[in-house]
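J.: Please find one structure pasted underneath; my questions will follow.
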Amino acid sequence: DSVIDQEGFRPMHPTSVNGVDDMIRLGDLNEAGLLRNLLVRHKDGIIYTYTGSILVAVNPYQLLPLYTTEQVHLYTDRRLGELPPHVFAIADSCFFNMRRNKKDQCCVISGESGAGKTESTKLMLQFLAAVSGQHSWIEQQILEANPILEAFGNAKTIRNDNSSRFGKYIDINFTKGGAIEGAKIEQYLLEKSRVCRQAPEERNYHIFYCMLMGMPAEQKKILSLGNASEYNYLTMGNCTSCDGRDDIKEYAHFCSAMKILMFSENDSWEINKLLAAILHLGNVHFEGRDQGGEVDPKALEKSLTQRSFMTSRESVTKPLTSAQAMDGKDAFVKAIYGRLFVWVVGKINKAVFKPPPEDTKYVRQSIGLLDIFGFENFNKNSFEQLCINFANEQLQQFFVKHVFKLEQDEYARENIVWKHIDYNDNQRTLDVLANKSLNILALIDEESNFPKGTDTTMINKMNQVHGKGDVYVPPKNNHDTQFGIQHFAGVVHYDSKGFLEKNRDALSTDLIQLVEKSSNKMLKQAFQNELSSNGEIKRAPTLSGQFRQSLDALMKTLTACQPYFIRCIKPNDFKKPMLFDRDLCMRQLRYSGMMETIRIRKAGYPIRYTFDEFLERYRVLLKSSLCDPKVVRRNVAVYIVVVDFHDTMLELERMKELNEKALLIQRVLRGYKYRRQFLRQRSSALVIQKNWRGYKGRKLYRLGFARLQAKVRARQLQHHYQQKRVAAVRLQAQTRGYLARKEWQRKRRAVILLQTNTRGMLARKQVKKMKRDERREEELAALERQRRLHQVLQQKKEKEASTQSESITAQEMVDDIFGFLPNMVGGQEGQAPAGFKDLEKQGERTRPEEVDLDDLPMVEDIPEEDYDDLDEYSFSKFASMYFQGAATPTHVRQRLRQPLLYHEDEGDVVASMTVWWIILRFMGDLPEPKLVQGQGARGLRGSNMVNNSLDPDLALRQDRRLSHMVGLDQVSTTGVSQQGKKHSRIMDGIFFSFFCYEIYCQICKQLQENGNRSSFYRGWILLSICLGIFPPTERFIKFLQSFIRFGPMGYAPYCAKRLRRTVANGVRGEPPSWLELEATKSKKPIAVSVTLMDSRTISLPVDSSSTSKEICQLLSEKVSLKDTFGFSLYVAIYEKVWSLGSGREHVMDAISQCEQEVKRKGGQEQHAPWRLYYRKEIFTPWHDCKEDSVSTDLIYRQIIRGLRFGEYKCDKDDDIVQLSAKHFYVQHGSDCSLDNAKTVVQDCINASLLEAKTQDKWLQMVSTAHAQGPYINSRQKAAGVKAEVVDYARQKWPLFFSRFFEAAKLSGPALPKNKFIVAINWTGITFLDEKERRLLQLSYPEVTGVNTMREGKTFGQSVSLLTLKGDFSLNAAMAGNIAELVHMFLGGLRERSQYAVALQEVNQDDPTFLSFKKGELIVLIKDDELTVGRGWIKGKNERTGKTGAVPIDAILVLPTLTKPTNEVMSLLNLSPDQRKSIMAANQKETGTVERVAPVSLKEFSYEYFRQPIKDVNRQVISKNVAPERLWVKSREPIKQPLLKKLAGNSELSHRACLYMGDYPTKQIQSPLELTDQIFGPATKDEALRDEIYCQIMKQMTSNNNRFSLEQGWQLLWLCCGLFPPSQSLLKHTQRFLESRRREPLAPDCLQRLQGSLRYMKPRKLPPHQVEIDAIQQNSTQIFHKVHFPNDMEEIFEVNTSTRIRDLCQTISTKLQLVSSDGFSIFVKTPDKVLSLNDSDYFFDSLRQITDWSKKAKSVKEGGGPMNMSYLVFFMRKLWFNVSPGRDLEADLIFHYPQELPKYLRGYHRCTKEDMVNIGALLFRVKFNNDKTQFVLIPKMLKDLVPNDMLKAMSTTDWQKNIVAAYNKQASMTSEEASLAFLKVVCRWPTFGCAFFEVKQTSDPNFPDIVRIAISKQGVSIIHPKTKDVLATHPFNRIANWCSGSTYFHITVGNLVKGNKILCETSLVKTFITVLFVCLFLFFLLLTCN
C-alpha cells in the first residue's frame, strides 16, 4: 500500500526469530511480531500459543499427534506455563482451580466459523473425562452427546466441513472428589432455515446424509427412502457428499451414541420417521400424495394449501398461492426439525443431568464449556447471521470487560501506578443492537408483532431511528433491502428480506391443529409447548426474544464463573493444511484485540489475592516463622496482585517447599515413633533387669547363708577327718608294706619259673623250625604249580557262591534278620496279671482280623502323598542344600568325619557320630567287635564300645536318653540270641536319640546306591521302624516322601502308610516294642488282644501310631456300644494297672513300658505278660442304663468281677448278699439249685469273706435272699436287674468311677496339703491326698465356673476353679482335660436341670407372671408354652406353689438334677462379700486370685453422653427413684442417641435391645435383618459408629440375663470386626474387654479390634449371613467352601478382615501352586458369574453380590425377602505367561477344565488334524487306556469335537479317525493326556483368551454379533462363524474405556479421531474387570521395563 523508507527498517528481536510460547514475552510487540510468531509456529506444526492465560489455537486442518493418552497424563496436575501451550493445559487449569478455589470455572471458546471451536470443546471434554479417572458410564454419555448434537446441528459450509449451526453451553458437574457426576447442555439458535435452503457448495444437516447412507435397506424400504440426490432439501447446494466425512461410519457412531444415551429403539425409529417425513415433504409440489406423516393425507393437503383465520363472526378459509404454500410447507418443516432438535437435547439432558440433592450443605462444582457459532459474514447474510453476530458481540464484550475494563478499574481502585491501555470497546455496537431503547432487535420484535408489519416498514423504522449513527449503515436507496452494522470484526451487510417471518417463527393454526390430530406421539411431544391443555393455540414468543433471554441467562452464568479464554484462529478459507493467510489471520487478531490483550497481560497483574489468602497460601515460602496469619492482618493493601508468570513460579516453589516440609514432618514423626519404641523397650529391659537382679540377689543372699553354714560344718568335719586320716595312713603304711614285700617275693618266684619254661619252649620251637624249612624248600616247586590251578578253582567257587547268595529272596533275608523273634500275639504271653486270671480261663480268643488301619478313625484327616508333586524333592537335592562339607548322599562303609547336618552343641556332634556307627553295625556295613579270647558275655557287657565313644556329660542328658545306649546288654539275656541282643542295643540307642532329623538323613544316605543286598534290606527295615516312632521335620518330610516312593517292593506303600499315621498321631514317647519288630518283619498290622469285662477277648489290628481313642472307638463299634462315654483302655502287668483313657495316648508306648518293666526285673521283653482291658472309668451325672443295654451289661460284669476280687467292698454283708441274689437271678432266673448257688457264691464273694464265714453260710444267705427276692414273683427282666446293680454301684462307689488328675494349688482357700489328687466323678469334684483321704468335696451346684489360665508362666498348665467356697488356681499337667470335663458336666446339668434360684425380687400383679423374692428356689417347668430362646420360661415358686412366666435374666439355673441342699441355698443367698468374709474367717492363706471388677462406660459418659431425659410420670410414681444411668443396661428402648454429637437423631433406637432379647416384640425379625438395621447406617456414616459401640456395651453392663449377655457378646464380636471406635472411645472399649477376659469371646473381640485398627480400611457393608451363623453357634472360626473348575471343592478358613487377595494366596499355598498371580475369586449366582476385586474384603463382596441378586429377584418376582444361593469359585482370570507343564497342579485343576469348554464351544480356529488328535486325547482323559469304550465315541462326540465342527465329518469318520489317532499316541495316563491337550492348544493365538459374545453397532463392516477376545496381545474382534480376526487393538492403543448396565465402550487410538467400539452384553462387569486388570498389568510391565 505504501512504500516504507529503508531507514524505517530495524533489526528483528531474537524472540521473533524462532517464536515464543507466550506472546507476552515477545520483544517485537506489534502486529507484525504477533503475526510472525504465529506463522513460525504454524510452519513447525505448533498450533497452540499462550497470551498469558489466554490460549490462541490455530486450526491445522489435519490430525496432529497431540491428543494421545500420554499427553493427557503429561498435562495432568501441571501449572499453566510449566509445559508447552496446549488445550489440555487450559482444561487442567480449569479443573485445578475449581478444586483449589472451590469456584465454578468456565471456558469461552471463540473464533470464526471453521476456526476449530467444536474440536477444542471436544478435546476439553475428553481431557476432563480422562482426568476424572473413573471410567464411569456418565463420562461416556457426556462424550457421546457430541455425535448426536453434531449430526442434528452441524453441517458442511463453504468455510467448514463440520460447522456448528447452533450454539451450546455444556455445564459439567463434579463431585467433591473431582469425579464427573453429570452435565447439562443448553442450546442456542439452531439455524432451522438450513433444513429448507442451502447456499451453493453447502449441505443440509449431517443426519440426513448419514441416515440415507447408513440405514439398513429394510428400514429404508419401510420409510420409502432412496438416495440423497432424490430429495430437494438435500440438493439445493448441489453438494451431497463431504470429502472429510464417512457418512456410513458416522451413522454407526450416531446409532451407538443413541444407545449410550438411553434412546430406546422406538425413540430411534420415531426420529427416523420424522426425518423421512421432512425429506418427503421437501419433494411435495401439491400434486402428489405424501408418504411421511402419520396424518390424514387430505388434512395435510388442506393445511398446506389453505389458510384459516378468524373474522369478527366466523372462521374463514382462504386458498394460498403456490409460493405461499411452499413457504408454509417450509415453515412447517423448519418447525418440526427445530422442535425435534430441542426434544433430542432434552432427552440427552435427562440421561446426563443429575439434579442436586436437597441437602443445603451440598455444594456442586462445575466447569462450563461454551462452544457457540463464530462470527459470520457471507455474501448474503440474513436474520440468523444477525443473531449469531449479536451473540459474538456479547462474548466479545464479556472478554473486553474481564480483560480490559475490570482489570484497569481494579488498578485504579487500588492506586496502582498504571498507564491506561486503549482498546476496541464494542459497547456502542451492543447498545445499538440490544441495550438502548428502540434498539434494532426491539424494532424487529415490534414490527413482528404488527399483523401488517413488513420487512420494508421494519427497515424504514431502523433508518429513522439509527440512520444518523456510526454503528448502523443504512441502505443506499429506498429500494435497497440491505443494511449494515459496524461489528467489532468489521461491517456486515444484512438482507432484510424475510426478517419478520423468521423472527415470528410461528406456524399457522391449521398446521398446529394438524399436529394435534396426529397419532405420532413424538411429534406431539415436540410441539407440546404450542398446544394448551384445552386444545387452544398458544402464542409463541419471537425468535429474537427467546434468543436474547437465553443469551442473558448465559451471560449471568459466565459472570458467576472464573473465565478462561481460547481464541481459535482460522489460517485460511480453503480448509487446507500448512497454508497461512496473513491478511485473514491479521484481521482476526485485530478484531479479537490480541495486541491490546498482550499489552495489558504483559504490564498488568491478572492474578489477585486478598492479603489473608496470599499469606495463607504462600507463607510456606517464608524463611521466617514471625509472620503469623492469626496476628498479622491487613497491614498492607487489600489485594496482592501477581503477574501470570510469577503466579506459576510461586505455585511451583510452593509445591517444592511443601514436599520438603512433608519429608521433614515424616522424618520427625518416624524419629519420634522409633524413639518412643526404643524408650519403651529400654524401660521394659530395665524392669526385666531390675527384677532379675533382685531375684538373683535374693537367691545369692539365701545361698550365702547356706554356704556359710556349709563352710563351718565342713571345717569341723575336716578337722575330725584329718585326725582319723593320719592314724589310718600310719596303719595302712605298715600293712601295705608288709603285703607288698610278700607279694613281690611270690611274683619273683613265679617269674623265675616262667622264664625257665619259656626258654625251653623257644629252644624246642627253633629245632622244629629248622627241620620244617628243609622240607619246605623241596615242596616250593610243587606249590608254584598248584597255585595257578588253585586260583582258577577259587574264582569259580566265588562265582557260584555269589550266584547262590543272589538267589536268596528278600523275604528269606528279612526272616534271617528277624530270626530271633518269636511268633506271638500281643497281650497273650505269660500269665495274666493279678485279678484278671479268671478272664483268660473263661475267654475264648479270636484270631486277628485283617482290618486296614487307614479305616480306623484318625484324630485328623491324613492327606495322601501326591507323588506327582514330589519329583522336585529328591534326596540328592536335599543333600546338596543341607549336608555339611563334602558329604555325599550315597552309601559309604567308613566312618564320617562330621555329622551330615550342622549341630551347634558339641555333644550333639558326638551323639550324631555314635548313631552313625550304630546304623553301620545294624546294616552290616561295619562288623561287630570280636570278643577277646577268654572273655565271655560278662566281659562284653562290661566293656561296651558305645560307652567309650560318648562324652560322659552327654550320657547324663535325660531328654535325649542317650544314657540307655550305655550298658544296654548288662541285663540277663538268657534265651535270646546274640543277634537279637545286638538289634536291641542298636535300636534302643537310635530311637532314644533326640535328633530324628540326622537319623533319617543317615539312613537315607546308606540306602542310596547301596549295592549290598543284605545291607540294603536291613536299612529299609530300620527306616520303616523309625517311621513308626517319630515323624520327620516339616523341612524334610517332602524329601522323605519322595525317597520312600523308590523303596523295594512292599516297603514303599508300607513306609508311606506308617509315615502318614505317625504324622497324624504324633511322636511316640518310648522305643519300639518287640511286637513292632515282628510287625516290621511281616509288614502287617500288630495283633493285640483286648479283654472285655464279660470275658470276651477281641484281637484287634494296631500299628505303631495307634492311640487309645482309636482302639476304644473300634471296640465300641465291634460290640455295638452306643453309650461310649467313660469307657477307657487299661493296661496291666504284674500287680500294676493304669488307665490309658480314650484320647491320644499311644498304646504301643504302654506296651513298651511293660517290656521295660520286665527287662528291669530280669525277664525277657518278648514274653512280657501285659494285658489290655476295656472298662468303665467314669459315669455322667445323667447316666441312664436304659439307653444302651450293651453298656449296662459290660458295666454289670465289671461290678461282679470287682466284688469277687475285692475291688468293690460293701459295708454290710447284707448288701453283698442282695447283690449276689440279683446276680443269681440274672444268671439262672428262678432256678434255686445248689449248684447254681455255689457258682454265684464263687462269682461274687471275695476269698477273704469266704474265710471269715463258711461257704455253706454264704450259700444259705444267698439262696434265701434269692428266693425272697421281689423279681422272682414279678418276672422282672434280667436287663432291669442289671440296671439296678449298675445304679447301686454308681451311687455306692462314685470314687471308684472317677477320673483322677495330679494337681498343685497355686492359690485359693487353705487346705491341709497343697499337692493332691483331683477326682472328678458324677457327684462332683473331690480333692484327695496320697492316702485317698478327702481334703475337700464340691458338688456341681457349688461350682460356678472353670477355665484354663491364658497368661503367666503356667500357660496351658493351670486351671481356675470358681466355687462358692472360694476360687482355686491349680497347676496340673492335664489342666485342659480338667476344664473340658467340668465344662461338659456343668453344661449338661444346666440343660437338664429343673431348679433355679432367684437373683432378684419380682412382684407382679398380673397372674401370667410369677412373683418371687430374691434367693427363693424356682422349679422350672419346661413345656412349649414359653421358649427359653426369647428370654422367658415357666416356673413354680416352691414357697408359694404358684406358677407363671419367669424372665431368664432374673434367675440362675443350678447345675443339678436333684433338689439343692440347704447349704448350697444358703451360700447362694449370701452376697459375694458375705461369702468372702465367711471364707476369710477360716482361711489362713492370702493367695486367692481376685477378679478384676468389670469396667463400664461410666467415666466416658461424663464427657461424651447426653444428659438423662427426665420422665415426669416416672418421677411421680417413684419419688425416690435414682436418676437414669445411661451406661447401664435398660430394658426400655432409648428414645435418643447416647452421644451428645448425635442429639436429636431419633433414628438410632432399640435395635440392639431387640437382637439381645431385652425388649419383647411380636414382630419376628431374622438376625440378619436386625444386624442390618444395627450396623447398616454405621457402615455408611462414620459418626454413628461410636453410638453403636456405646449402645452394645451399655446393654452388656450389669446384665444378669445369660441369653441377653450372650447375644450382646455376639454383637460386639461382629462390631469389632466391622470398624474400630474413635480414638476417644478406643481405650474405654479396650478396658471394657480386658476386664472381662474370662468371657469366651472377649479375647477374640480384642484381637478383632486390633485387626480393624491395623487394616485401617473399615468394612463397607453389614455382616454377611455366614458371619452371623458362625457367631450364633459360638464359633469364632468361619469356614467357607470354595469350588474349583475340575469339580473339586475345599473348605478354607476366612475371617472378617480377609481380603480377596489374601484368600487367593491361601488357596494357592494349600494347593501348592507355583504362584497365585492371575487367579481370582468368582461368585456364581443363579443368573450371573462375577469376578471379585482383589483389594475388597471377602464378605463385603459376597454381601454386595447377594444383596444385588436378591433385590433383582425380589423386584422381578414381586416377593419379600428371600435367601440367595451362590457358589464361590477359584479360577484363573489372566493367562499372562501361562506355560503348560511348568505348574502341573494348576494345569490339572484350572487350565485344563477352563480351556476345554472354550475348545468345545468352537472359540479356537484349528485344523481337522488337530481336532482328531485332541479328540483322542480327550477320550484318553475320560477312559485312560480302556479301549473297550471306543463304542461310546458316537454318543459322546460333542465332548470330543467342537460343536460347530460336528458336521465336518460323519460320525463314523470321526470315530475312525479318533481311534486311529488314539492308537498312534504313546501310552499315557489321564493327567499326561490333559497336559498334552494344553500343549497343543497353547500354540494357538487365542489360547488363554477371555471370550465374550457381544452385539456391536459401532462398525457397519463387522457383523452384528461378534466375539471379543481379551488376551495378553490386546483386545481382538473375531467373526463368530469364520473365526477370522477382524481387528486387534493392543493395550497401548486403548485410550479410554467405560461401561454401563449392559453396554461397554472402548476408544482406540487418538482421542479425537479414534475408533470407537460399542458392544452390548450381560457380562459387562466381568468384561471390564478383565480388561482393567490386563491394562494395569500391561502398563505395570512397561513401567518396570
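In case you wondered, yes, glycine gets a Cβ from its N, Cα and C as well.
Quick paste of what TrEMBL says about this protein:
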type     : residues                                                       : note
DOMAIN   : 18-677                                                         : domain 'Myosin motor'
BINDING  : Gly111, Glu112, Ser113, Gly114, Ala115, Gly116, Lys117, Thr118 : ATP binding site
REGION   : 551-573                                                        : region 'Actin-binding'
DOMAIN   : 891-1081                                                       : domain 'MyTH4'
DOMAIN   : 1086-1393                                                      : domain 'FERM'
DOMAIN   : 1391-1456                                                      : domain 'SH3'
DOMAIN   : 1529-1672                                                      : domain 'MyTH4'
DOMAIN   : 1678-1985                                                      : domain 'FERM'
DOMAIN   : 1906-1935                                                      : domain 'PID'
TRANSMEM : 1963-1982                                                      : transmembrane segment
J.: Determine how many residues of the domain 'MyTH4' (1529-1672) DSSP places in helix, in strand and in coil.
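T.: DSSP composition of the domain 'MyTH4' (1529-1672): 89 helix, 1 strand, 54 coil.
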J.: If we skip the immediate neighbours and take only residues 6+ beyond the ends of the region 'Actin-binding' (551-573), which ones have a Cβ under 8 Å from one of its Cβ atoms?
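T.: Distant contacts of the region 'Actin-binding' (551-573): 38, 42, 51, 53-61, 87, 90, 93-94, 97, 101, 103-117, 120, 159, 169, 171, 186, 188, 368, 370, 374, 390-391, 394, 398-399, 402-403, 579-581, 584-585, 588-589, 592, 594.
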J.: With the ATP site defined by Gly111, Glu112, Ser113, Gly114, Ala115, Gly116, Lys117, Thr118, which remaining residues of that chain have Cβ atoms positioned within 8 Å of the Cβ centroid?
T.: Asn59, Asn160, Ser163, Gly374, Cys568, Lys570
J.: By DSSP, what is the split of the domain 'PID' (1906-1935) into helix, strand and coil residues?
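T.: Across the domain 'PID' (1906-1935), the residues distribute as 3 helix, 18 strand, 9 coil.
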J.: Reported in the order helix, strand, coil, what are the DSSP residue counts of the region 'Actin-binding' (551-573)?
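T.: Going through the region 'Actin-binding' (551-573) residue by residue, I get 9 helix, 8 strand, 6 coil.
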J.: Around Glu112 (ATP binding site), which residues of its chain at least 6 apart sit with Cβ under 8 Å of its Cβ?
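T.: Set apart from Glu112 (ATP binding site) by at least 6 residues yet with Cβ under 8 Å, we have Arg159, Gly374, Phe375, Glu376, Ala489, Cys568, Lys570, Gln588.
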J.: Using a 10 Å cut-off on CB atoms, tell me which of the binding-site residues Gly114, Gly116 is the least crowded.
T.: Gly114
J.: Cβ neighbours within 10 Å, counted over all protein chains: which one of the binding-site residues Lys117, Thr118 has the most?
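T.: The residue with the densest Cβ neighbourhood is Lys117.
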J.: So how many of the residues in the domain 'SH3' (1391-1456) end up helix, strand or coil by DSSP?
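T.: The domain 'SH3' (1391-1456) comes out at 8 helix, 26 strand, 32 coil.
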J.: What's the number of neighbouring CB atoms sitting within 10 A of the CB on Gly111 (ATP binding site)?
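T.: Neighbour count, Cβ to Cβ under the 10 Å cut-off: 23.
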J.: Which residues does Ser113 (ATP binding site) neighbour through Cβ under 8 Å, counting only same-chain ones at least six apart?
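T.: Spatial neighbours, sequence-distant, of Ser113 (ATP binding site): Thr157, Arg159, Asn160, Ser163, Phe373, Gly374, Phe375, Glu376, Lys570.
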J.: What mean pLDDT does the predicted model reach across the domain 'Myosin motor' (18-677)?
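T.: Over the domain 'Myosin motor' (18-677), the predicted model scores a mean pLDDT of 81.
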J.: Does anything in the same chain, at least 6 positions from Ala115 (ATP binding site), have a Cβ under 8 Å from its Cβ, and if so what?
T.: Ala57, Asn59, Gly374, Cys568, Ile569, Lys570, Gln588
